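Visitor: Have a look at the structure that comes next, please.
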Amino acid sequence: MGSDDTLGKVKDPLVAAVQWLKTRPAKTKVALGGLGAVLLLLILWRTIKDHDTLFVLAEMAHFIGIGVLGYKLQKKKSVAGLSLQTQLLTATFLAVRLFCSFMMEYDIHTVLDGLTLLATLGVVFCMLFTEMKASYQKEQDVIKFYYVLGPCALLAFIAKPSTSHYYLFRVFWAFCVYLEAVSVFPQLRMMQKAKVVERFTAHYVFALGLSRFLSCAHWILQILEGNKYLLQALGSGLWPIMVLASEVVQTFILADFCYYYVKSYAEGSGIVRLPAGIV
């Protein structure tokens, strides 16, 4: 009995670490978050030999996120908290990228994109053509998809790959890269207006954040290893720089949300609450 009492007084180190982190100033938390990201990059650098694997893992994370949404639709029969505009943008860039993959290359990425596109179209169908559409919070989904499509299309004509493929294919490829970078923005804006994020939607957006981190990590690790081809490409024109910038933009757009997501679970609530300035 005395032994049990002694064990009961031993503080859980994980709980102690969480409590200590909660008392730190905001700047300290940001610095620790940055340090954690760097450490994770180093772990990936040392453990994953073929960095193209990170792209596959990124696409798998996206597909799993869509799977979480499918589970929500099946169990809750509700699309509350979901942005139709983000789903339309996601379906658009996946469809364009799938078309380009068939025209320009074909590999495991094409298969994963095809599966993710089908799942995304299923979500769009539920939001538009089933009884679940009544739960769609249209008044909070304020950033229309066509406001995002226009600038991405214009940018695609300005900065695009300089490969031997047809001009239109190169423009399409650039378009889907830029569109993917900002496709989640309507969803984040919608969640900001709601302040409290529905749990399955939070899981989905966190999966997108993880996907973007893995994709961005691929490029960073390539640079760290001194990939001569990549370093030469970055100095050869606007397109390679725009690709890298798009990866970084995607990661930072979702970084704030991922912080509050992890924070909510570290505190034991599992309820993601967003401050007004997150987007």
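All residue numbers here begin at 1 and follow the chain in the order shown.
From the backbone N, Cα and C atoms, a Cβ is placed for every residue, glycine too.
TrEMBL: automatically predicted annotations, no manual curation.
Taken from TrEMBL, the feature transmembrane segment applies to 30-48, 54-74, 86-104, 110-130, 142-159, 165-188, 200-221, 241-262.
Explain the structural surroundings of these features, please.
Guide: Distant neighbours of the transmembrane segment (165-188): 82-83, 85-86, 89-90, 92-94, 96-97, 99-100, 103-104, 141-145, 148-149, 151-153, 155-157, 159, 201, 205, 208, 239, 242-243, 246-247, 249-250, 253-254, 257, 278-279; these residues of the same chain sit at least 6 beyond its ends, with a Cβ under 8 Å from one of its Cβ atoms.
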Visitor: Where, among 54-74, 86-104, 110-130, 142-159, 200-221, do we find the most CB pairs under 8 A to the transmembrane segment (241-262)?
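Guide: Maximum Cβ contact count belongs to 200-221.
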Visitor: Under an 8 Å Cβ to Cβ limit, what residues of the same chain, 6 or more beyond the ends of the transmembrane segment (110-130), are close to it?
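Guide: Contacts of the transmembrane segment (110-130) (Cβ under 8 Å, skipping residues fewer than 6 from its ends): 56, 59-60, 62-63, 66-67, 69-70, 73, 79, 82, 84, 87-88, 90-91, 94-95, 97-98, 101-102, 136.
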